[in-house]
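Have a look at this one before I ask anything.
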Protein chains: 2
Amino acid sequence: MSRAFNFSAGPATLPEAVLRQAQAEMLEWDGAGASIVELSHRGPEFMEVARQAEADLRTLMSIPDDYAVLFLAGGATAQQALLALNFAAPGQTVDYVVTGHWGKTAIKQARPYVNVNIAADGEAGGFRDIPARADWRLSKDAAYVHYTANETIHGVEFRDIPDVDNAPLFADFSSSIASEPLDVSRFGVIYGGAQKNLGPVGVTVVIVRRDLLERAGQPRADIFSYASHAANDSMLNTPPTWNWYLAGLVFKWMLAQGGVEEFARRNARKSKLLYDTIDGSGGFYRNEIAPGVRSRMNVPFFLHDPALDAAFLKDAKAAGLISLKGHRVLGGMRASIYNTMPEEGVQALAAFMRQFQQAHG
Amino acid sequence: MSRAFNFSAGPATLPEAVLRQAQAEMLEWDGAGASIVELSHRGPEFMEVARQAEADLRTLMSIPDDYAVLFLAGGATAQQALLALNFAAPGQTVDYVVTGHWGKTAIKQARPYVNVNIAADGEAGGFRDIPARADWRLSKDAAYVHYTANETIHGVEFRDIPDVDNAPLFADFSSSIASEPLDVSRFGVIYGGAQKNLGPVGVTVVIVRRDLLERAGQPRADIFSYASHAANDSMLNTPPTWNWYLAGLVFKWMLAQGGVEEFARRNARKSKLLYDTIDGSGGFYRNEIAPGVRSRMNVPFFLHDPALDAAFLKDAKAAGLISLKGHRVLGGMRASIYNTMPEEGVQALAAFMRQFQQAHG
């Protein structure tokens, strides 16, 4: 087939213009005599790629100067362990708000190092809503408060930054980073794997308020220290250079498209179209998330009869719509519609869903 | 310029055939409707890429079935911390043999977790030789013995696997993995960043004897557990898929070229030519490493007059020979001539060195 509309939850679709540039530069980067994937991370070529990527991300997300921006390996899951190691004393209390699968994962990584207080947990309600802020039981002296801005599997998204006055706010933004304007100054740490809204797999962005880097944390290897990574411009060891470069191409593309303000508008239109299609299907399709916290990024949905799932996936693929199978935790379907998914893709999916319903309704 | 001979120590040169295939598949992989960098790591396409890469590496390196092969993020430095966390009890003694910069780094990462016994240390001799095995002071009950098979900066390489009978042997093979036949069964753990002999930056190979995965190690996050990574086929979280894929293309290329036996012959010829050029220069070029342990992979050398360094690098670049500047720790020059450096590249470098000497001798 030719290039399809790819609704994968991550690794996820990339702008064709970015892939074409990476393709053109695969044998040689900018007259350097070698591909960027072959050049030293300490050479002038990659140093400039890295500098430009950071500058562009700072512009894109309006990141204040008192925040460090790190480009690291290991994915968001590794950061979930490192947050505890770097910013909490051994056994210190930390507050976690759990609104889905990834919030639970975050706790699992932190537990060996800290005393986890689950300040709020949506699991009893099947993670279909976010516990009301008034019901959160925050600790008096937590090292930090952690939440998951968007739950990739359950399709639940915070539409506002929660107010917490007791401790710095840490947030996993893996699946919604740079999808709309965000007041970074409200956070202590924002982190996310790049492979959803920011581009390629294999590099993770960590945005950390610099004063937090002075916390002692707990005994750990130097390679696990954010302060060391910050002091070495994320080149404490060999970083994932090509992935960082490709992320930089996506940042440039996003800026050229109009920045996060424009993507906020597109993402609102895309998600509204999909939810309207589901809600307007008379129960043929179903999404059970409370309307106020439905994710703009990941739209899980179920067919009224699971026996139709296989036909739905097969026909969708034939129509050039791929990677719609839901996560194994929930089953059903899921359409991930990050920044990099064009509106035409979502329009094609909505049209296909209506056709499929007509044929099988 | 067009593609040069690139002597970078890592990230390092890749076979042009591999880059051309990655280029051809950048927009769409094998009829999947998307690039491999855009597809889910849990989808059938990438699962097959991953399976094939592991199978090919097992063939290439003759890895026995009782060894697990992991493809991880984080680089070799992260593994140096994880070795201690996974395979030693808190504060247990571990033996380290230090033959250069990277052996020191390995100790730095392990120290927060274990009692490091430096069994041998070549630093007093400027790391120009490897301490004789008879002089090593191994512990009685070490959790493991660690050494660096090839020191990328100092250019010192073990030409034989050391005999240690007290504990499993762990080795950092980052810069010499798969460069010649190796008896894997002599080791407990072999690890290495792929960006030197195995291909692309951003993925690290860890080969571990399966019985060691049963060791309790020390309290740690699940993402830091080799046993969990092994149980999840290196997909505990989203792995660096594109990097893994590119490594797989290099494995296929190496097998097609004749495997490690053929690369052992090429690497012997390449390094001999360079050392002969240096030794035959009457002191114009100089390498001070003991001949029996000179690295076949990284050849550091110095011009008799450092004032000529800038001209050497400038003229080399004009001749299509790049990335020859030595590591900042040592200065001078360094030619890294991994599996992926063709013999023509080393012949061109040797010819250039003779010409430069004639012009400035």
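Backbone N, Cα and C atoms are what each Cβ position is placed from, and that goes for glycine too.
Any TrEMBL annotation is an automated prediction that lacks curation.
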From A:Asp129, A:Asp172, A:Asp276, grab the residue that TrEMBL records in the same pyridoxal 5'-phosphate site as A:Ala76, A:Thr77, A:Trp102, A:Thr152, A:Gln195, A:Asn237, A:Thr238.
A:Asp172
Is any of the binding-site residues A:Thr77, A:Trp102, A:Gln195, A:Asn237, A:Thr238 near chain B, in the sense of a CB under 8 A from one of its CBs, and if so which?
A:Thr77, A:Gln195, A:Asn237, A:Thr238
Measure the Cβ-based neighbour count of A:Asp172 (pyridoxal 5'-phosphate binding site), defined as the other Cβ atoms within 10 Å of its Cβ.
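Its Cβ has 28 other Cβ atoms within 10 Å.
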In whole Å, note down how far the CA of A:Arg42 (L-glutamate binding site) lies from the CA of A:Gln195 (pyridoxal 5'-phosphate binding site).
24
If you count other C-beta atoms within 10 angstroms, which of the recorded positions A:Arg42, A:Lys196 is the most crowded?
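When each Cβ's neighbours within 10 Å are tallied, A:Lys196 tops the list.
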On average, what pLDDT score does this prediction assign to the domain 'Aminotransferase class V' (A:5-349)?
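Here the mean pLDDT over the domain 'Aminotransferase class V' (A:5-349) amounts to 97.
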Under DSSP, is A:Arg42 (L-glutamate binding site) part of a helix or a strand, or is it coil?
coil
